[in-house]
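Trainee: What follows is a structure written as C-alpha coordinates; I'll ask about it next.
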Amino acid sequence: MTIGIALTFLVGILLFSYPYLASYLSEVNGSYAVESYREAVEQTDSIQTEAAWQEAVKYNDSLSGNPVRDPFVAGSGMVMQDNYYEVLNLYDSMGYIEIPKIRVELPIYHGTSEAVLQKGSGHLEGSSLPIGGEGTHSVLTGHSGLVHAKIFTDLSELKMGDLFLINVLDRVAAYEVDQIQVVEPNDTQNLKRVPGEDYCTLITCTPYGVNSHRLLVRGTRVEYAPQTETPDQAPRGLTSEQRLLLAAACIASVVVLIVIAVAVKKTRRKK
(Lines of atoms letter the chains of each structure in order from A and count residues from 1; the text may use other names and numbers.)
(Lines give C-alpha, C1' and ligand atoms only; values in the text may rest on other atoms or scores of the structure.)
Protein backbone atom coordinates (compact mmCIF):
# COMPACT_ATOMS: atom_id res chain seq x y z
CA MET A 1 0.00 0.00 0.00
CA THR A 2 2.75 2.46 1.03
CA ILE A 3 4.82 1.63 -2.06
CA GLY A 4 1.81 2.12 -4.35
CA ILE A 5 1.04 5.54 -2.89
CA ALA A 6 4.70 6.57 -3.09
CA LEU A 7 4.97 5.46 -6.73
CA THR A 8 1.81 7.38 -7.62
CA PHE A 9 3.23 10.46 -5.92
CA LEU A 10 6.53 10.05 -7.78
CA VAL A 11 4.79 9.79 -11.15
CA GLY A 12 2.85 12.95 -10.33
CA ILE A 13 6.06 14.81 -9.51
CA LEU A 14 7.69 13.68 -12.75
CA LEU A 15 4.67 14.76 -14.80
CA PHE A 16 4.66 18.13 -13.03
CA SER A 17 8.38 18.67 -13.63
CA TYR A 18 8.49 17.58 -17.28
CA PRO A 19 7.33 20.84 -18.96
CA TYR A 20 9.88 22.92 -17.04
CA LEU A 21 12.73 20.50 -17.64
CA ALA A 22 11.85 19.97 -21.31
CA SER A 23 11.60 23.72 -21.90
CA TYR A 24 14.95 24.28 -20.23
CA LEU A 25 16.64 21.56 -22.30
CA SER A 26 15.10 23.02 -25.47
CA GLU A 27 16.53 26.45 -24.62
CA VAL A 28 19.92 24.88 -23.97
CA ASN A 29 19.81 23.21 -27.40
CA GLY A 30 18.72 26.47 -29.01
CA SER A 31 21.51 28.37 -27.29
CA TYR A 32 24.00 25.75 -28.47
CA ALA A 33 22.77 26.13 -32.07
CA VAL A 34 23.09 29.92 -31.86
CA GLU A 35 26.55 29.78 -30.30
CA SER A 36 27.67 27.27 -32.93
CA TYR A 37 26.43 29.67 -35.61
CA ARG A 38 28.36 32.59 -34.09
CA GLU A 39 31.56 30.56 -33.91
CA ALA A 40 31.14 29.28 -37.48
CA VAL A 41 30.68 32.83 -38.79
CA GLU A 42 33.79 34.02 -36.95
CA GLN A 43 35.81 31.23 -38.53
CA THR A 44 34.53 31.91 -42.06
CA ASP A 45 36.59 34.03 -44.42
CA SER A 46 35.11 37.52 -44.90
CA ILE A 47 35.22 37.08 -48.68
CA GLN A 48 33.01 34.00 -48.38
CA THR A 49 30.49 35.68 -46.06
CA GLU A 50 30.31 38.74 -48.33
CA ALA A 51 29.67 36.50 -51.34
CA ALA A 52 26.89 34.71 -49.42
CA TRP A 53 25.39 38.07 -48.45
CA GLN A 54 25.38 39.37 -52.01
CA GLU A 55 23.77 36.13 -53.17
CA ALA A 56 20.99 36.71 -50.62
CA VAL A 57 20.55 40.30 -51.82
CA LYS A 58 20.27 39.03 -55.39
CA TYR A 59 17.69 36.45 -54.29
CA ASN A 60 15.55 39.12 -52.62
CA ASP A 61 15.78 41.31 -55.72
CA SER A 62 14.47 38.42 -57.81
CA LEU A 63 11.30 37.92 -55.74
CA SER A 64 8.00 38.90 -57.31
CA GLY A 65 4.47 38.81 -56.02
CA ASN A 66 3.65 38.41 -52.33
CA PRO A 67 3.36 35.62 -49.75
CA VAL A 68 0.01 33.93 -50.32
CA ARG A 69 -0.22 31.20 -47.75
CA ASP A 70 -0.49 30.51 -44.07
CA PRO A 71 2.85 29.17 -42.76
CA PHE A 72 1.13 26.70 -40.42
CA VAL A 73 -0.92 25.01 -43.16
CA ALA A 74 1.21 22.78 -45.36
CA GLY A 75 0.71 22.97 -49.10
CA SER A 76 -1.60 25.99 -49.05
CA GLY A 77 -0.28 27.66 -52.16
CA MET A 78 3.21 29.11 -51.73
CA VAL A 79 5.57 28.70 -54.66
CA MET A 80 9.22 29.29 -53.78
CA GLN A 81 12.27 30.05 -55.87
CA ASP A 82 14.14 27.02 -57.24
CA ASN A 83 17.36 28.05 -55.47
CA TYR A 84 15.79 28.85 -52.09
CA TYR A 85 17.72 26.23 -50.12
CA GLU A 86 20.97 27.16 -51.85
CA VAL A 87 21.00 30.70 -50.42
CA LEU A 88 22.33 31.43 -46.91
CA ASN A 89 23.20 27.75 -46.56
CA LEU A 90 26.78 27.98 -45.28
CA TYR A 91 25.68 26.67 -41.89
CA ASP A 92 22.91 24.60 -40.29
CA SER A 93 20.76 27.73 -39.91
CA MET A 94 20.53 30.95 -41.93
CA GLY A 95 20.89 33.09 -38.81
CA TYR A 96 19.22 33.70 -35.47
CA ILE A 97 16.72 36.03 -33.84
CA GLU A 98 16.99 37.74 -30.46
CA ILE A 99 13.94 39.12 -28.65
CA PRO A 100 15.29 40.65 -25.41
CA LYS A 101 11.87 41.55 -23.96
CA ILE A 102 10.80 37.89 -23.73
CA ARG A 103 14.26 36.35 -23.32
CA VAL A 104 14.18 34.54 -26.65
CA GLU A 105 17.18 33.59 -28.77
CA LEU A 106 16.42 31.14 -31.58
CA PRO A 107 18.09 29.83 -34.72
CA ILE A 108 16.33 30.70 -37.98
CA TYR A 109 15.96 27.82 -40.44
CA HIS A 110 14.89 27.60 -44.07
CA GLY A 111 11.20 26.83 -44.49
CA THR A 112 8.30 26.20 -42.16
CA SER A 113 8.14 22.41 -41.98
CA GLU A 114 6.99 20.85 -38.73
CA ALA A 115 10.52 19.57 -38.10
CA VAL A 116 11.82 23.15 -38.30
CA LEU A 117 9.07 24.65 -36.14
CA GLN A 118 9.71 22.08 -33.40
CA LYS A 119 13.23 23.40 -32.81
CA GLY A 120 13.32 27.07 -33.75
CA SER A 121 12.00 29.80 -35.99
CA GLY A 122 11.21 29.10 -39.63
CA HIS A 123 11.61 31.56 -42.49
CA LEU A 124 8.47 31.72 -44.62
CA GLU A 125 9.30 30.66 -48.16
CA GLY A 126 8.48 33.37 -50.65
CA SER A 127 9.06 36.23 -48.23
CA SER A 128 12.29 38.22 -48.29
CA LEU A 129 15.32 36.58 -46.74
CA PRO A 130 15.96 38.20 -43.32
CA ILE A 131 18.82 40.45 -44.40
CA GLY A 132 16.85 43.67 -44.57
CA GLY A 133 16.97 46.27 -47.30
CA GLU A 134 14.58 48.71 -48.93
CA GLY A 135 11.39 47.11 -50.16
CA THR A 136 11.93 43.84 -48.25
CA HIS A 137 9.55 42.10 -45.87
CA SER A 138 10.85 39.00 -44.13
CA VAL A 139 8.41 36.70 -42.33
CA LEU A 140 9.58 34.47 -39.47
CA THR A 141 7.32 31.87 -37.89
CA GLY A 142 7.33 29.94 -34.65
CA HIS A 143 5.05 27.68 -32.62
CA SER A 144 3.31 28.66 -29.38
CA GLY A 145 2.32 26.40 -26.53
CA LEU A 146 4.68 23.50 -27.18
CA VAL A 147 5.20 21.42 -24.04
CA HIS A 148 8.90 20.94 -24.68
CA ALA A 149 9.84 24.40 -25.97
CA LYS A 150 8.83 28.04 -25.57
CA ILE A 151 9.71 29.24 -29.12
CA PHE A 152 7.17 32.09 -29.75
CA THR A 153 4.84 31.30 -26.82
CA ASP A 154 5.48 34.70 -25.20
CA LEU A 155 5.27 36.72 -28.42
CA SER A 156 1.99 38.24 -27.21
CA GLU A 157 3.93 40.06 -24.48
CA LEU A 158 5.63 42.33 -27.01
CA LYS A 159 4.40 45.92 -27.15
CA MET A 160 4.75 48.76 -29.61
CA GLY A 161 8.30 50.09 -29.55
CA ASP A 162 9.93 46.84 -28.36
CA LEU A 163 13.01 45.72 -30.26
CA PHE A 164 14.11 42.44 -31.79
CA LEU A 165 17.35 41.67 -33.59
CA ILE A 166 18.02 39.56 -36.67
CA ASN A 167 21.55 38.17 -36.98
CA VAL A 168 22.60 36.84 -40.39
CA LEU A 169 26.23 36.06 -41.20
CA ASP A 170 28.31 38.86 -39.64
CA ARG A 171 25.58 41.52 -39.69
CA VAL A 172 22.83 42.54 -37.27
CA ALA A 173 19.56 44.28 -38.10
CA ALA A 174 17.38 45.88 -35.42
CA TYR A 175 13.60 46.11 -35.78
CA GLU A 176 11.17 48.13 -33.67
CA VAL A 177 7.65 46.79 -33.26
CA ASP A 178 5.28 49.15 -35.09
CA GLN A 179 2.22 46.96 -35.67
CA ILE A 180 0.53 44.12 -33.77
CA GLN A 181 -2.48 42.36 -35.29
CA VAL A 182 -4.56 39.21 -34.87
CA VAL A 183 -5.88 37.91 -38.19
CA GLU A 184 -7.56 34.91 -39.79
CA PRO A 185 -5.18 32.21 -41.11
CA ASN A 186 -5.99 33.05 -44.73
CA ASP A 187 -5.42 36.80 -44.27
CA THR A 188 -1.91 37.45 -45.60
CA GLN A 189 -2.40 41.04 -46.75
CA ASN A 190 -0.12 42.31 -43.98
CA LEU A 191 2.79 40.19 -45.23
CA LYS A 192 3.22 42.12 -48.45
CA ARG A 193 6.40 43.92 -49.38
CA VAL A 194 6.02 47.70 -49.35
CA PRO A 195 8.19 49.88 -51.60
CA GLY A 196 10.72 51.86 -49.60
CA GLU A 197 10.02 50.01 -46.33
CA ASP A 198 12.11 47.41 -44.48
CA TYR A 199 9.85 45.12 -42.44
CA CYS A 200 10.15 41.86 -40.54
CA THR A 201 7.01 40.15 -39.23
CA LEU A 202 6.94 37.45 -36.55
CA ILE A 203 4.00 35.03 -36.72
CA THR A 204 2.56 32.50 -34.30
CA CYS A 205 -0.77 30.80 -33.66
CA THR A 206 -3.27 32.29 -31.21
CA PRO A 207 -5.15 32.03 -28.88
CA TYR A 208 -3.19 29.60 -26.76
CA GLY A 209 -4.47 26.06 -27.15
CA VAL A 210 -7.05 27.02 -29.80
CA ASN A 211 -4.83 28.28 -32.65
CA SER A 212 -7.74 29.56 -34.72
CA HIS A 213 -6.02 32.86 -35.58
CA ARG A 214 -2.55 34.24 -36.23
CA LEU A 215 -0.70 36.83 -34.17
CA LEU A 216 1.38 39.11 -36.39
CA VAL A 217 4.06 41.25 -34.74
CA ARG A 218 5.68 43.52 -37.31
CA GLY A 219 8.91 45.41 -36.84
CA THR A 220 10.27 48.25 -38.92
CA ARG A 221 14.02 48.61 -39.41
CA VAL A 222 15.78 51.05 -37.10
CA GLU A 223 19.42 51.94 -36.69
CA TYR A 224 21.30 49.24 -34.82
CA ALA A 225 23.51 50.10 -31.89
CA PRO A 226 24.94 47.41 -29.56
CA GLN A 227 23.23 48.97 -26.53
CA THR A 228 19.77 48.41 -28.06
CA GLU A 229 19.88 44.76 -27.00
CA THR A 230 20.66 45.34 -23.32
CA PRO A 231 17.97 47.46 -21.56
CA ASP A 232 15.27 44.79 -21.27
CA GLN A 233 17.58 41.80 -21.56
CA ALA A 234 16.92 39.26 -18.83
CA PRO A 235 18.87 36.10 -18.01
CA ARG A 236 17.95 33.18 -20.22
CA GLY A 237 16.82 29.82 -18.94
CA LEU A 238 14.35 29.06 -16.16
CA THR A 239 12.93 31.86 -14.05
CA SER A 240 13.68 31.91 -10.31
CA GLU A 241 10.16 30.60 -9.60
CA GLN A 242 10.61 27.72 -12.06
CA ARG A 243 13.99 26.84 -10.57
CA LEU A 244 12.43 26.79 -7.11
CA LEU A 245 9.60 24.53 -8.25
CA LEU A 246 12.00 22.20 -10.05
CA ALA A 247 14.28 22.04 -7.00
CA ALA A 248 11.30 21.27 -4.77
CA ALA A 249 10.20 18.53 -7.18
CA CYS A 250 13.70 16.99 -7.13
CA ILE A 251 13.79 17.02 -3.33
CA ALA A 252 10.31 15.51 -3.15
CA SER A 253 11.38 12.80 -5.62
CA VAL A 254 14.37 11.91 -3.45
CA VAL A 255 12.14 11.72 -0.36
CA VAL A 256 9.67 9.47 -2.20
CA LEU A 257 12.49 7.18 -3.38
CA ILE A 258 13.74 6.92 0.21
CA VAL A 259 10.23 6.04 1.41
CA ILE A 260 9.97 3.36 -1.28
CA ALA A 261 13.40 1.95 -0.37
CA VAL A 262 12.49 1.78 3.32
CA ALA A 263 9.13 0.17 2.54
CA VAL A 264 10.77 -2.44 0.32
CA LYS A 265 13.34 -3.20 3.01
CA LYS A 266 10.63 -3.68 5.66
CA THR A 267 8.65 -5.94 3.33
CA ARG A 268 11.69 -8.15 2.77
CA ARG A 269 12.32 -8.42 6.52
CA LYS A 270 8.76 -9.58 7.15
CA LYS A 271 9.26 -12.35 4.60
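Yeah, the Cβs are placed from backbone N, Cα and C, and that goes for glycine too.
So TrEMBL lists these for the protein:
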type: ACT_SITE; residues: H143; note: active site, proton donor/acceptor
type: ACT_SITE; residues: C205; note: active site, acyl-thioester intermediate
type: TRANSMEM; residues: 244-264; note: transmembrane segment
Trainee: Need the DSSP three-state call for H143 (active site, proton donor/acceptor) to compare against my parser.
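Mentor: Note: H143 (active site, proton donor/acceptor) is coil by DSSP, not helix or strand.
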Trainee: To the nearest Å, how far is the Cα of H143 (active site, proton donor/acceptor) from the Cα of C205 (active site, acyl-thioester intermediate)?
Mentor: 7
Trainee: Within 10 Å of the Cβ of the residue listed as 'active site, acyl-thioester intermediate', how many other Cβ atoms can you find? Include all protein chains, please.
Mentor: 23
Trainee: Tell me the coarse DSSP state (helix, strand, coil) of C205 (active site, acyl-thioester intermediate).
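Mentor: Once the DSSP labels are grouped into three classes, C205 (active site, acyl-thioester intermediate) ends up as strand.
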